[in-house]
């Protein structure tokens, strides 16, 4: 029986800058996508799924890239033998005694992804309402309208409805993600104990 791969939550983060840039790029992409969806006046349950998934995947991917880079450096430094035969005679194990087997999400990446999720939903609605008001009030500057909308976005009924609806759906998907991570870690511990 092969070990199942579960996402784990790591406490130590050695790749904070890489994680930050990955989540920041995901934030920009998600905000743009949600803004375009709002400009078309469409609502979809996929919007909060994308708002949750892309930042989390970016955080996991950044951590994975950092670890692979470190492994490659260590492999190049630790190989004493030049023969391929000596390098392939290592015993393969399902579990590493040094770390988990699934994709890793650090606490820093988790918190950054949460902030990115909710902020991208908020910012996309702010930008959408700003664009609408800029069309109806062409004499006002974009920055003045933007600041006014940031302060008063919850006064517009339809905008408040979309924000709360998307935030509730995003919270629901995050809770599902957290529960699956916790259950996955418990199952992984059980499998390790059996070995």
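Yeah, the Cβs are placed from backbone N, Cα and C, and that goes for glycine too.
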Tell me which of 86-104, 105-123, 124-142 corresponds to the transmembrane segment entry in TrEMBL.
105-123
Could you tell me what the rest of the chain brings near the transmembrane segment (17-38), counting residues at least six beyond its ends with Cβ under 8 Å?
44, 47, 50-51, 54-55, 57-59, 61-63, 65-66, 106, 108-109, 112-113, 116-117, 119-121, 123-125, 127-128, 162
